[in-house]
Structure formats: C-alpha cells, structure tokens
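Colleague: Before we start, here is the structure in question, set down as structure tokens.
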Amino acid sequence: MFKKVLIANRGEIAVRIIRTCQKLNIRTVAIYSEADVDSLHVKHADEAFLIGKPPVAESYLKVDTILEVAKQAGVDAIHPGYGLLSENARFARACVEAGISFIGPSPEVIERMGSKIAARTAMQTAGVPVIPGSDVALADEEEAVHLARKFGYPVMLKASAGGGGIGMQLVRNDEEMRKAFAGNQKRATSFFGDGTMFLEKAVENPRHIEVQIAADHHGHVVHLWERDCSIQRRHQKVVEEAPSPFVDEALREKIGQLAVKAAKAIDYRNLGTVECLVDGEKNIYFLEMNTRLQVEHPVTEEITGIDLVEWQLLIAAGEQLPYAQHEIPLQGHAIEVRIYAEDPVTFFPSPGMIKRFTLPEGEGIRHEYAISEGYKVTPFYDPMVAKLIVSADTRGEAIQRLGRALKQYEIEGIKTNIPMLKQVINHPVFQAGEATTAFVTNHLKVKTGRNP
C-alpha cells in the first residue's frame, strides 16, 4: 500500500479522500490556491502546499507545479478526485512518467473515453447500445443540419470533449441548429480546447441511470449497482439516489452486465462509471464513461457498505478486488443532494462569506463538505459547497429523513439551492419515483437560463 498520497484537488472531495487515507495510515499532502487557505482540506492533510492564485488555470490545473510539489513531498501516488485534472490524460501520463502512481485508469483509457465520439465507437464495437447519432466529427453547421434531418429532430448537439453539461444543447429544428452550432463549438473550444461537435437523437424524457464499476489488474471486473441521477438542472446533477426506483431486477441485471461489458471492452482499471439513458420502454443507451470517482459516490457506499476511495487505493496499489460480484451487498436506500451556493430560482452563483453553518445530525445522515463559518465562497470554483446524504431501509423512509434534515440545515451568508431541493423531494412525481431528466423544467418554479 502507498505511504504518502497527494490529493490533486480541493474542497469536499479532498477532505473525503484524506479521511480514507487516514483510516489506512497513509500520509496525505494537500495543495491549495490563495482562495482556499481556510478550506478544511488544507487543515486536515498532514502537509499542505500553496500552488498559486485563485483561478484554476493558475493553481489546480498547473500540472508541472503539482508534480514539483509531489516530488518535493516525496509522495508515491496522486489521487485526482473529480473534476479539474481527474480526466486529463496528459496529467495521468505525466504522473506515470515521473514514477508516481496515478490513482485511476491508464492515460490511454482516459484519452479514449474523454472523446465522446471515440467512446461511442468503442461501445458499438463491443456491442453496447448507443443512441443513434453521428459517429464522426461534424464538419460544419450544414452537415449538422443534414444529419439532424436524417435522424429526425429533436437532437442533442454535443461537444466530443464535453462534460458537466457544457457544450450540449437540445436542438428542435434547422434554424435552432444554425444558431447553436457556432456558439457551442466556440464554448467547447474555450472550456476544453477542442471544438469537435457531434449529434445524437434526443431521447425524450429519459431516466439518467449510471452504473458504478470496479476493475483490478488481475482481470476482475464487478459492478456495484446503479444510481439514478435524473434530477438535473442545466444538464448537471442535483439529486442522486441508489438504487434507482425505476429499475426492476431484470433491468438491474441487464444494465449491470452492460456496464461490466463496457469496462472489459476497453481494458479498464480502477473505478469508473458507465452513464446511460433509459427510456420509458426500458431501452438502455450508453451515454459516456466517467474515468474517475463521481460526486455521487457516497450513495453507492451507503447501500453497499464499501469505501470506494479505499477500493481505488487498493486497485492502484496492485491488489485484487476484495469482493466477487455475488458478494457485493445491496441494502436499503440512499439519497444525496448537492448544496450549491446559488440562487434557488435563477441558479446564478451566490458567492459570499458563510456566517452560520449548522448541520443536522442523526441516524442515517452523512455530510461531505470543506467549508466552515467564516469561510469565503468565491466565484472561482464550482458553486457546490456541500453534500447531504441520507440512508434508510426503504426509499420512503430515506425521503422522510432527507426532508427533516433539510429543514434543520442552516447556512447563512450566501444563497443556496436548499429551497429548490425541498421542492424536489416534496413533489409527488419524485416521491412516486417517476422523475425523468425533464423533471426540473416540467415541475419546478425555476428559471432555466444560463449563468451570465
């Protein structure tokens, strides 16, 4: 096992990784920007290094600086967390070349799955169903219009290198396509350095269901059941739960086997998530594969009793998976909500100083955060400031527990999306387990315009 690990990330996920490392007696090294001096991940780590100014391009994305710190601190592994450099093949390759273990899959797999077009091709070759769409890059808006007519509107125009809902737009006709193409291409180039676009037939009112997989270096691949992430705003997840209320035993078996098949097809190693859309007839379509730990990993931990960060470390250290497929538990129900520093109606960011931060306590309540009273939420990073996770024997009990916890959750000094979360869990469509990705648009009193 590793002796010292650098966490190439910030905020709650860095705190989460540090916690497991401490459990395994692994020393930890944190990195931080000038804006994160007071973040809990800096305080919890054994060592912490200032790496730059607040903008991520001047701190958390500086590969050379992070590797210099890693060498200076004498670490033998780097955990990338999620976001930032977690799915950056160049970073993973630089770690390997520096003789430092990268806690994740190989650079080649990250690169392959980082291109949605390449991922589609790989899955089709493996016999994993994909959404009908273009299998090569779109040359221009006229080709996009031609193919959209071929597949039939509405379609989703997507950036091949995209993620987090950026560079993705629902298009309903030729006029919208011509308006959307150049803007999406420009946005994708700005965010990802790659303006390659493709399109897929839009799946109307689908469920967004993903499967957690784990693969070691000894040929073993397992899935750890599914998560339902259908509650989204601007194509970004807000509420996640496991298991999915929509998935019956037959579908659970089918989607789990498909996820394992997908992982084996690309010789995957470590933890990953196979994301799918499932329509009303329970047809499954591969969407993408995330080659990292997910924000919503705690709900899987709650229903299995498995520490997923520990599994990442074990696999990266060359050990075998602790469980075979038939040994992985599935007990109870868990729901996670993301607490965002944002206006609950417009979704615009709400930076500011946290003046009060009081968390609910009790059985089946879990928190992940890196903030505290006096902490300044800045506009430099993702607005998620905390996660609230509840678990119970049944979904109904979990919803009740979540409702009580949200009533007791106190955070002052910034606006948060807690009022919106209360709307979600109190809505009869959500309570009935019938929510699709159109839930927020169709059922909540929100303005779904983009952030300025």
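Using N, Cα and C of the backbone, Cβ positions are placed for all residues, glycine too.
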Colleague: Same ATP site as LYS158, GLY164, GLY165, GLU200, LYS201, ALA202, VAL203, HIS208, HIS235, GLU275, GLU288 according to Swiss-Prot: which of LYS71, LYS116, LYS254, LYS355?
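Modeller: Record source Swiss-Prot; matching candidate: LYS116.
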Colleague: If Swiss-Prot says ARG292, VAL295, ARG338 bind hydrogencarbonate, which of LYS237, LYS261, LYS376, LYS407 does it name for the same site?
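Modeller: My reading of Swiss-Prot gives LYS237 as the candidate in that site.
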Colleague: Which residue, of the recorded positions ARG292, ARG338, has its CB surrounded by the fewest other CB atoms within 10 A?
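Modeller: Comparing Cβ neighbour counts within 10 Å for the recorded positions ARG292, ARG338 gives ARG338.
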Colleague: What is the separation, in Å, between the Cα atoms of GLU288 (Mn(2+) 1 binding site) and ARG338 (biotin binding site)?
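Modeller: So the Cα of ARG338 (biotin binding site) lies 22 Å away from that of GLU288 (Mn(2+) 1 binding site).
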Colleague: Near ASN290 (Mn(2+) 2 binding site), how many other Cβ atoms are within 10 Å of its Cβ?
Modeller: 21
Colleague: Return the residues near GLU275 (Mn(2+) 1 binding site), defined as same-chain residues 6+ apart in sequence whose C-beta is under 8 angstroms from its C-beta, sorted by sequence, else 'none'.
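Modeller: Correct list: HIS208, ILE209, GLU210, CYS229, PHE286, LEU287, GLU288, MET289, ASN290.
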Colleague: On the 0 to 100 pLDDT scale, where does the domain 'Biotin carboxylation' (1-445) sit on average?
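Modeller: Mean model confidence (pLDDT) across the domain 'Biotin carboxylation' (1-445) is 97.
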